[in-house]
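> My questions will all concern the structure given below.
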Amino acid sequence: MEFTVQAPAKLNRFLAVLGRRADGFHELELVTTVLEGVLDLTDTLEGEPASALSLAISGPTGAGLVADASNLVIKAWRLLEEAAKRPLPAHLHLEKRIPHGAGLGGGSSDAAAALRLGNRMFDLGLGEDKLLGLAARLGSDVPLFLLGGTVLGLGRGERVFPLRPVPLEPILLVHPGLHLSTPSVYRALQDVGYPFPEALASQPGGAAPPWRNDLTGAALWVCPPLAEVRDALRDSGGEPLLCGSGSCWAARYASVQARDMAAEQLSGHSGWGVWHV
Ligand SMILES: C[C@](O)(CO)[C@H](O)COP(=O)(O)OP(=O)(O)OC[C@H]1O[C@@H](n2ccc(N)nc2=O)[C@H](O)[C@@H]1O
Ligand SMILES: Nc1ncnc2c1ncn2[C@@H]1O[C@H](COP(=O)(O)OP(=O)(O)OP(=O)(O)O)[C@@H](O)[C@H]1O
């Protein structure tokens, strides 16, 4: 097709929950890296002008994902039409590789990709501030994908600021084949108790932010079998970190060699997906 935009996954290397707000959302401090260049964890959105709007979905994780008005790509397109004050008829094709309900932000990344694609395809000339505003209406995670790189997220995560790049350690991502709903994990914070973060993302002297996710207890409460992947990553010598609201885990290793040995060991587990970052 004529126009193509990549939609990578993300890794929240720091997620502090600061409290619950009156609107039901949680006040967060996040450091997120967009995993640009990890091709088997990147969706692709292509488009060409047509007589009406349509979306086709294919790819390894495309099955079971509906292409109707509930899809974040269509929701993003409708917001663009609202901003452009005219229909933007196009045929879109989404190649899905990011697992859903995995905490890797696939749907949010697709939404950001749709905003960029439509803006470019129809020469709408919407600036970054306008696109960030539309992104925030689509979901808390969408704006960070417009910035790319390593991003500080404040508020419910939608107020984004570029950070200097944090070099990624040798990392493995493991998907246990489970699906976790983000709202149910945030709700479970009430059952497990709210964490009271003392360390925030801004580190003195340019140090990398800590490897931390305050949603871990809540996600394990909602889905106890998640612990199996965490324990396997620990046994393989890694330092596990839950991805967003789950179900994927990331683990960092002391060396590329240690990471690659662990990958070989964990790939043998049936039903788990394993990626190098
Ligand atoms: C877990 C993360 O992926 C970390 O980056 C995000 O916080 C989730 O972002 P998201 O999926 O874009 O979330 P949204 O679509 O905005 O919200 C989904 C639901 O998650 C809960 N939610 C989300 C963000 C936030 N700061 N507090 C919340 O309590 C709310 O119940 C909300 O109804
Ligand atoms: N294009 C899309 N790709 C994936 N999911 C989508 C899409 N559009 C809508 N959804 C819905 O959004 C839900 C969350 O999908 P997503 O892949 O963003 O989950 P996630 O990785 O847990 O995200 P997050 O880290 O933002 O919580 C899916 O279960 C699906 O119902």
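The backbone N, Cα and C atoms fix where each Cβ goes, and this holds for glycine too.
Where the annotation comes from TrEMBL, it is an automatic prediction and has not been curated.
According to TrEMBL, the protein has these features:
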type	residues	note
ACT_SITE	Lys10	active site
DOMAIN	71-149	domain 'GHMP kinase N-terminal'
BINDING	Pro99, His100, Gly101, Ala102, Gly103, Leu104, Gly105, Gly106, Gly107, Ser108, Ser109	ATP binding site
ACT_SITE	Asp141	active site
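Situate these features within the shown structure.
All chains included, 26 other C-beta atoms sit within 10 angstroms of the C-beta of Lys10 (active site).
Taken residue by residue with DSSP, Gly101 (ATP binding site) is part of neither helix nor strand, so it is coil.
Residue density at Asp141 (active site): 28 other Cβ atoms are found within 10 A of its Cβ, drawing on all protein chains shown.
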> List the helix, strand and coil residue totals of the domain 'GHMP kinase N-terminal' (71-149) as derived from DSSP.
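Secondary-structure breakdown of the domain 'GHMP kinase N-terminal' (71-149): 46 helix, 6 strand, 27 coil.
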> Given Lys10 (active site) and Ser109 (ATP binding site), what distance in Å do their CA atoms have, once rounded to a whole number?
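Cα to Cα, Lys10 (active site) and Ser109 (ATP binding site) are separated by 8 Å.
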> Can you give me the Cα-Cα distance between Ser109 (ATP binding site) and Asp141 (active site) in Å, rounded to a whole number?
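So the alpha carbons of Ser109 (ATP binding site) and Asp141 (active site) sit roughly 8 Å from each other.
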